[in-house]
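According to TrEMBL, the protein carries these features:
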- 17-204: domain 'DH' (DOMAIN)
- 233-333: domain 'PH' (DOMAIN)
- 368-428: domain 'FYVE-type' (DOMAIN)
- 452-549: domain 'PH' (DOMAIN)
Amino acid sequence: MLISLSLSLQDETSEQKLYQVANELLVTERAYVTRLYLLDQVFCAKLMMEAMKGVFPVEAVKGIFCNVACLYAFHSEFLLPDLEARMKEWDTRPWIGDILEQHTPFLRMYGEYVKNFDNAMDLLKQWSQRSAQFSTIIQGIQRQKICGNLTLQHHMLEPVQRVPRYELLLKDYLKRLPADAPDRSQAEKSLQIISMAAIHSNSSIDKMANLKKLLEIYEMFGGEEDIVNASSELIKEGQILKLAARNTSASERYLFLFNNVLLVCVTKFSLVGQQRFTVRNRMGIEGIKVVETVNDTYPHTFQVSGKERTLELQASSEEDKQDWVKAFQQTIDVYQKKNETFRSASKEVEEEVSTEELGRRAPRWIRDNEVTMCMKCKEPFNALTRRRHHCRACGYVVCWKCSDYRTTLEYDGNRVSKVCKDCYSVLTGRAAREEGSEGKKRGILEVSVCVSSIMCGFLLYSEKARAWQRVWCVIPQKEAVVLYVYGAPQDVKAQASIPLLGYSVDETPRSLDPPSSFRLCQSRSLHSFAAESEELKQRWLQVIRVAVTGDVANLLLLSNRDLANGCHDSGPHSI
């Protein structure tokens, strides 16, 4: 009797938990549809109304909102009504697996939205600056209660985060679902589809979360241009005292330490009561040093020195001081490591324009999606302040600072065209303007443009269980025991370098990892990869297993053998 009662209570608890998960899906779906309504029926509709009058281009509005209308229609007319209907009849049909199986294939629409997100941010910023009417409409809507004091950019992050949210809820649902439940197989199929869609969203989710924080900081500076680069990452922020260089006075400052810059700010008065800042000093992380100092008058001090200036700062306590010094040192170490890179070359070297032909023959343009950073100064691209531009002479993708030069090109009828600084110097014989380039040393791992590789190709990559992202991986012949990870095939700077010597290889299948995955492990370091096929995975492992032993001779033999067999993609070839 007691056993029967206990089982009955367990079943009841299990059913209650299933109901709670299903109800949470419904509640969050309602809130999400409200957000999509705001994007499509409020922001997009009002901007399109003005665009139809010729105030600004219709194509600009379409480019910003991409397929938001399709997303809104799908969720408001199909998924949400079906969920609401099912929850009303939960007593007789207590499951949602069939609904999810029916609708999850449509989540592939999110791939287009995520892919267009950077372009949307770019267009939004561009037309907010170009058109006063465009900016006025957006600001007017943002002041409405429905926006919740958030910007349009904040609301546009929501679709990127929605698919991973479905994945988490469905995993929770499956945990509580009995093995013999009528919708078990349907829920499992749905999870497979959602997981594949989530990989594309998760590759951007960390970047979007960081962007959301950066947008908040961007607004603290009143939207001042180029104060916060969207490719930056906030490391630490907080109140501190700055000691005067000529006397014993101290001034209150607020520091924002990013992975590439330090902003030293003062608090600015704001009528609306929100915290606002003005930047007093801006120091690049490159070349910066931090040392602890001894000051009899002011305890807990340390010094930050860079190319631009030196600051002596006082923390509130010894513990606070050590936290700041540690944060600075770790940021410096990571920055220096990431700059130990070499240049990759165009995959189609034969199509590059020689110096003799420069300006006389149209170049092959490097595609936007083949690079994630400027091919000249190596600064990362982003949708807010550092956009992609093409040099009309060599075809390289560069930032606005490196393409702010113009000269005539013979192949284009001697019309004045935008070129990069290197091509400007070659074509005109005049030195291009240099900003802070004195003393800049070449990275110790930078090599010539054409680099032969033992292995290269696209893989999915995750470090220490972080979100998966698609990257371009290279094992060069000259450094056969190092694996370089790039954001794209034409990037001139690697995101990470992994010295393979001493690593162990683990290809044991894991349920949460994509198919054809493997891991490189050493001490506390864990790097996870996944290939597009099992065959491709084994080709990578064949090379890596030799590389971890340091047997360079055998690696070069593998390279020559594969070349003889005609292997190209994700095999030995020049990059």
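Glycine residues also receive a Cβ, built from the backbone N, Cα and C atoms like all the rest.
Counting Cβ pairs under 8 Å that are 6 or more residues apart, the domain 'PH' (452-549) and the domain 'PH' (233-333) reach fewer than 3 and are not in contact.
The helix, strand and coil residue counts that DSSP assigns across the domain 'FYVE-type' (368-428) are 14 helix, 16 strand, 31 coil. Across the range of the domain 'PH' (233-333), the DSSP-based residue counts are 16 helix, 50 strand, 35 coil.
The DSSP breakdown of the domain 'PH' (452-549) into helical (H, G, I), extended (E, B) and coil residues amounts to 14 helix, 44 strand, 40 coil. Averaged over the domain 'FYVE-type' (368-428), the predicted model has a pLDDT of 82.
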